[in-house]
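Database features (TrEMBL):
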type	residues	note
DOMAIN	19-301	domain 'ABC transmembrane type-1'
DOMAIN	335-572	domain 'ABC transporter'
TRANSMEM	12-34	transmembrane segment
TRANSMEM	54-79	transmembrane segment
TRANSMEM	128-152	transmembrane segment
TRANSMEM	158-177	transmembrane segment
TRANSMEM	238-260	transmembrane segment
TRANSMEM	266-287	transmembrane segment
Amino acid sequence: MKIFRRLLSYLEPYRIFLIVSLGAATISTLVALGPPYLVKLLIDQVLIQKNLPLLNYIILGLIALYLLHSGLTTLRIIYVNKVQQGLIFDLRNEVHHHLQRLSLSYFEKRQSGRITSRVINDVETLQAIVSSGAVIFTIALVTLLGSLIILMRLNLKLTLLAMIPMPAITFLVVMFSKKAHRRYRQMRRRLADINAILQENILGIQVTKSFRREKLREEKFIHKGEGYYQANMSVIRIWSVFFPLIMFASALGTVIVLYYGGREVIAGNLSIGGLVAFVSYLGLFYAPINQLNEVNNIFQHGRAAGERIFEVVDTIPEKEKKKAIIPPSFLKGKVEFDKVSFTYEKGKKQKEVLHQVSFTANPGDLIAFVGASGSGKSTIVSLLPRFYEINSGSIRIDGYNVKDFKLGYLRENIGMVLQEPFLFDGTVIQNILFGRPGASKEEVVKAAKIANAHNFIRQLPEDYETEVGERGVKLSVGEKQRITIARVMLKNPPILILDEATSSVDSEAEILIQEALEYLMKGKTSFVIAHRLSTIRNATRILVVLEGKIVEEGTHQELLEKESVYSHFYQMQFKENGKIIAI
Ligand SMILES: Nc1ncnc2c1ncn2[C@@H]1O[C@H](COP(=O)(O)OP(=O)(O)O)[C@@H](O)[C@H]1O
Ligand SMILES: [Mg+2]
C-alpha cells in the first residue's frame with residue numbers, strides 16, 4: 001500500500017479538484033438512492049390506495065432527482081479529469097526529471113524501449129487509479145453504506161438474511177487480489193519487452209535490410225507480442241472466474257430475500273411496495289461489491305505500474321556533494337590523476353579496468369593516449385567529468401578534487417568531442433547553441449567558422465535555420481562532427497576531451513576536422529585519443545596505455561629514442577601508413 005500513500009502526495013496540488021469531484025460523486029450517489037423509495041410510495045400509496053394527486057409529486061420528484069444526478073455527473077467528470085491529466089503530466093515529468101539525472105551506467109544496462117515504457121505506459125496506467133479507482137471507489141462506498149442503512153430501516157431481518165453470502169464474497173475478493181498482482185506485474189514487463197524490440201527494430205532497420213533479416217526481426221517482435229498476449233490472458237482468465245463467482249454469490253442474496261420476502265408478503269407482514277423497494281436497494285447494495293472488485297482490479301494493475309515508476313524515481317541519481325567548494329570563476333586546467341583504479345560493474349567481480357593510473361597535465365598541455373582497443377583509454381577520460389565513480393585514488397583539477405565540485409560546474413569546464421557525433425532534433429543553430437544557450441548569432445557563426453562548418457552550413461537549404469537531427473536533412477558524419485565541434489567551441493571550456501573524433505570519417509573530412517580541432521585545442525588542456533601520427537607527434541606528452549595501466553610516458557622523440565613499446569609499434573605501423581592500428 002506504500003505505492004498508494006506515495007501517489008496521494010502527488011495529489012496534494014489537486015486537493016480542491018479532487019474534493020469537488022469526489023463531493024459531486026458522493027452527492028449524486030446519494031441522489032440515486034432516492035428513486036427506489038419513490039417507487040415504493042408509488043406502489044403502496046398511489047397504485048394500491050389509488051392516491052392520484054401523489055402521483056404528480058412522485059413524478060416531479062423523480063425528474064428532479066435524475067436532473068440533479070446528471071448535473072453532478074458532468075461536474076464530476078470534468079474535475080476528475082483535471083486531477084487525472086494533471087497527475088499524468090506531473091508524474092511523467094517527475095520520472096523524466098529523475099531519468100535525466102541518473103548515471104550513465106543506468107542507461108548502459110537497459111534497452112531504451114524499456115525505459116520509454118516506464119515513462120509513458122506505466123504512468124498512464126497508474127493514473128487510472130485516480131480516474132476510475134478513486135471515483136468508482138467513492139461511489140461504491142457511498143452506495144454501499146447508504147443502501148445498507150436504508151435496507152436495515154426497511155427490514156432488519158431480511159437485511160441479515162441478505163448478508164449470508166458476504167463472507168464468501170470477501171474471501172473471493174481477497175483471493176483475486178493475491179493472484180492478480182503478480183500477473184499484472186508480468187503484464188507490465190511484457191509490454192516493456194514489446195517497446196524494447198520495436199525501438200531496436202527501428203534503429204537497426206538498415207542492418208536488418210542489408211542482411212534481409214526482416215522475417216527474423218518480425219518473428220522476434222511477434223514472440224514478444226505473444227508474451228504480452230499471454231500475460232493479458234492470464235489476468236483475464238482469473239478475472240473471468242472470480243468476477244462471475246462474485247456475481248453469483250450476490251445473486252444468491254437476492255434469491256434468499258425473494259424467498260423469505262415473498263412468504264412475508266403473503267403472511268401480511270410486508271407490503272408489496274416494501275418488497276420491491278427492498279429488492280431494488282439490495283441491487284444497489286450488491287452492485288458496488290462488483291464495482292469494488294473492479295476497483296481492486298484497477299488498483300492491482302496500478303500498483304504494478306507504480307512499482308516500476310517509483311523504482312526509477314528511487315534510483316539514486318549521480319552523487320552530488322552537499323557542501324561543494326566555491327570554485328574559482330575560471331579554471332586554469334591543470335589535471336592530475338593520482339593512483340586511480342576503476343571497475344565498471346562494482347560488486348560483480350568484473351576485473352579492474354584501470355589500475356593505479358597516475359599522470360599530470362599542465363594548463364595548455366596536449367596529452368595523447370595511445371593503446372590497443374579495449375586498453376582503457378576512453379575509460380580514463382570519462383572519469384574526468386565524473387561519468388563514473390572511481391574505486392580509489394583521486395582526480396584533481398587545479399588542485400581541487402573533482403568530487404568536491406558541483407557536477408554542473410565540473411562539466412561546464414570540460415568539452416567533449418566523441419567518435420559518433422550526436423545532434424538533437426532541431427535547427428543547426430539550435431544545435432550549436434546547445435554549447436552555450438545565451439550566445440549571439442555572431443558568436444555562433446564565429447564558432448562555426450573556426451570549426452570549419454560555416455561554409456557547408458551556408459549551402460544548406462535554410463542556412464543556419466535548416467532542420468537537422470532525425471527528421472531533418474541528412475548530414476555526413478564529418479559535417480555533423482564539425483557542428484559538434486562548433487558546439488564545444490561556443491562553450492569554450494578550459495579542458496577538452498577528444499575521443500577518436502576523426503575515426504568515423506574519411507581522410508578528406510578528417511583533414512577539415514583535424515584543422516578545426518587544432519583551433520579548438522589552442523590554449524586548452526586537451527586529452528586526445530587519436531590514431532593519426534600527426535596529432536600524436538605534436539602532443540606535449542604521450543601516455544601509452546596497456547591493459548588499464550600507463551606503461552610509458554614521454555614525447556614522441558623521447559619514446560622513440562629508447563627501447564619502448566611505442567617505438568616498437570612506431571617502427572611497425574606509423575612509418576608505413578601514418579596510423580596506429582594496434583599495439
Ligand atoms: N560501460 C561499460 N561497462 C562495462 N565495461 C566497459 C564499459 N565500457 C568499457 N568497458 C570495458 O572496459 C575496458 C576498457 O574499455 P575502453 O576504455 O572503452 O577502451 P579503449 O577506449 O581503450 O578502447 C574494456 O575491457 C571494455 O570492455
Ligand atoms: Mg575508446
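Even glycines carry a Cβ here, placed using N, Cα and C.
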Maximum Cβ pairs under 8 Å to the transmembrane segment (158-177) - stretch from the list 12-34, 54-79, 128-152, 238-260, 266-287: 238-260
Outside the transmembrane segment (12-34), six or more residues from its ends: residues with CB under 8 Å to it: 61, 65, 68-69, 72-73, 75-76, 78-80, 82-83, 86-87, 90, 130, 134-135, 138-139, 142-143, 146-147, 150, 281, 284
Same-chain residue ranges lying at least 6 outside the transmembrane segment (266-287) that approach it to Cβ under 8 Å: 32-33, 36-37, 39-45, 48, 140, 143-144, 146-148, 150-151, 154-155, 158, 162, 250-251, 253-254, 257-258
